[in-house]
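*Asks:* What TrEMBL records for this protein is below:
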type	residues	note
BINDING	106-113, 182-186, 236-239	GTP binding site
DOMAIN	97-383	domain 'Tr-type G'
Amino acid sequence: MRSPSLARLNYRAVSGLTRTARFQPQGFLGSRCVSTAALRSPGVAPAYQSVLKQWEQRRNASASASAVLEAAAASPETLSQAAIIDNLDPVEAARLDKVRNIGIAAHIDSGKTTVTERVLFYTGRIKAIHDVRGRDGVGAKMDSMDLEREKGITIQSAATFCDWVKKDKEGVDQKYHVNLIDTPGHIDFTIEVERALRVLDGAVMILCAVSGVQSQTITVDRQMRRYNVPRISFVNKMDRMGANPFKAIDQINTKLKMPAAAVQVPIGAEDEFEGVVDLIRMKAIYNVGESGEELKETDIPDKVKKVAEERRAMLIETVADVDDQMAEMFLDEVEPTEDQLRAAIRRATIGLKFTPVFMGSALANKSVQPMLDGVVDFLPNPSEVENLALDQKRNEASVKLVPYNSLPFVGLAFKLEESNFGQLTYIRVYQGTLRKGSNVFNARNNKKVKVPRIVRMHSNEMEEVTEIGAGEICAVFGVECASGDTFTDGQLGYSMSSMFVPEPVISLSIKPKQAKDAANFSKAMARFQREDPTFRVTYDNESEQTIISGMGELHLDIYVERMRREYRVECETGQPQVAYRETIGEHTKFDHLLKKQTGGAGDYARVMGYMEPTGVLEENNFQQQIVGGSISEKYLFACEKGFNISCEKGPLIGHKILGTRMVINDGATHMTDSSEMAFKNATQQAFRKAFMESQPSVLEPLMKTVVTAPSEFQGDVIALLNKRGATINDTETGVDEFTIYADCSLNGMFGFSSNLRAATQGKGEYTMEFSHYEKAPPHVQKELIAKYLKAQAERNKK
Ligand SMILES: Nc1nc2c(ncn2[C@@H]2O[C@H](COP(=O)(O)OP(=O)(O)OP(=O)(O)O)[C@@H](O)[C@H]2O)c(=O)[nH]1
């Protein structure tokens, strides 16, 4: 540990005061200046003008709200949005200040559900604590599906809300409304994490005190970065043998490259873990009462005084590295006050430059409440997060949404769920108020829908409400839509970006065992597909089979099981199939003529050009470079359609095409015999021929695989991976367990979970995540092509 003064010197030497990325605090009455005259200009929507008028009236009455509005160059509408954001109405500001929308995300089994259960208990939302797979057989509140309770895993994210009361500086109780989403840890259910993070303002990243940063922590970190979600970290399981929060903090810094520092230190560890020291207030905190419901504060016990002082110095130093105000104090050797330190941590956390680390043991009911204080202290309220929409009425210009109740409504449907009362749609309200009985417009198809019922979700229970304000999360009944649709009040043409949906990597054929179940089978398929964008259902005309595709074996297994339980449909499934892809080989020219004359109008289309690899194994690309009008615009459109159809089912083994470009640069049209159909067909034929001539390849998905098991099984696990053709990239050895990082083809990993279980006496675990597509080994390609040709020949015989 460096001494503070040495740290200061190093700080001066390394960073000086030359950092350019200054963090601009977004206060409620911020410093951006805009002119009142501009806001009143005719271009500004009346809704904004009325809001501004209200605001000005209140501002005039409020001595503290004295921001001066001056001219700024921007279009009136953007200006008004910006003005509102930077000069929040004091009443709205006070309301929003008390709202937090947070998600809990982490590696499998880190304790997300257990932490959430404590949060619900301490906030008075539930009357008793039930544990995941607990002996009382009840199960945690947020794992409401039977399957979740049986397996002890979270499959669907569950939303709830609670009120957390925190004392302010003057000792007055302040009530905060927290909307909370508990997400699954298994990579197979990753879409649940994606959509939760898309709509949440902040997150609690949970880590296991023994394992630290694990493979899924890295995935979750990537997802948090994708949606710019600020996070606090909670090192859970401090009661476990080998618990070491500081190792976890080092790993957040090194593996996730996110500056992190402890805001607490533990008092005791493992089975002697007693409580924590708050490094901001320098007080010891213990949980007392049967379920740790009360907190007792004392002076710091002597045994942890030294480490507390050292870690506080490290906290200040780490924050000074990412926050200019703290940096200046640090260089001037000024000790920050409690408020200054808390404010700096808050700025840095919201600015995505830092994560404060809390610690405790949810299972032992220790130190969960201080983490909740951390949610309030360091995670943003809805007005501190920039949410943008595209204004379709103004050339897709980007506009900031303002979480004002009085503005026109804008909300995003982020999750659909079938319930006993019909389709339930989860909506995050970004602007305005959603009222029961009102009409809203779906920005995707401009359809008007009435909102018959609004509820707040508490896991699988609901609380009926008549309206939901801006910055909140709710669910509505009877609103037909797709996941990711934007809703507005109809005045605004706003549309919000949806979430990232990963492509499925595995599929299997499925059919009901009994023909009488066909109707229920179709109903279930339609529902699952609507709810989960990573679950796809297709019908293969050639094999006459229904094919389901998803993110992994577990993902598909769960749906087959749900079909049995929820729809009473027993299914037969085929062997899991890998989602292979096909790609073009070398640059190949084509000149294809489709000409048929069978009496009456004939078919005529000639297409010329070339096909080549795009260079990246991602999307395909169609281009037309016709000069002189040899093919008209209308027919070129048909050519593109033909290209897209061809890319859906490759000529090699019938799988989708990737990384292939087709350029049509010449052709010929017949006065009477040419048609859109003829050009579409000619393109498909030309595609097939050129593709097959180019020495194409079959691509297979490569999976990033991480295996963890007790050290004594290391040799067996390595042998197992070698047998499956994996490339081992790295091995980490811990106190009593090891972790192997490997790249494996998905094909080589079928049934790995049971092999691993057998080889490690059930103690090993692994995660597998799609990484990228790569050419399959030649013998695999050959086998796949032969199998495909055989199946086709058999079908042709029938
Ligand atoms: N020793 C110890 N065990 C804990 C603690 N918190 C949770 N557990 C246990 O860890 C296991 C996993 O807990 P969960 O809360 O289901 O973890 P999760 O992260 O929600 O799991 P998934 O959603 O399936 O990824 C359960 O057996 C819990 O009892 C803790 O603080 N200490």
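Every residue gets a Cβ built from N, Cα and C, even glycine.
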*Asks:* If you average the pLDDT over the domain 'Tr-type G' (97-383), what number do you get?
*Replies:* 88
*Asks:* From Asp109, Lys112, Met238, which binding-site residues have a C-beta atom under 6 Å away from some atom of ligand 1?
*Replies:* Asp109, Lys112
*Asks:* Using a 10 Å radius around its CB, how many other CB atoms surround Asp109 (GTP binding site)?
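*Replies:* 20, counting other Cβ atoms within 10 Å of Asp109 (GTP binding site).
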*Asks:* Should Lys112 (GTP binding site) be counted as helix, strand, or coil on the basis of DSSP?
*Replies:* helix
*Asks:* Fewest other CB within 10 angstroms, which one of the binding-site residues Ala106, Lys112, Thr183, His186, Met238?
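*Replies:* Sparsest of the binding-site residues Ala106, Lys112, Thr183, His186, Met238 by Cβ contacts within 10 Å: His186.
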*Asks:* Helix, strand or coil at Ala106 (GTP binding site), per DSSP?
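*Replies:* Strand, per DSSP.
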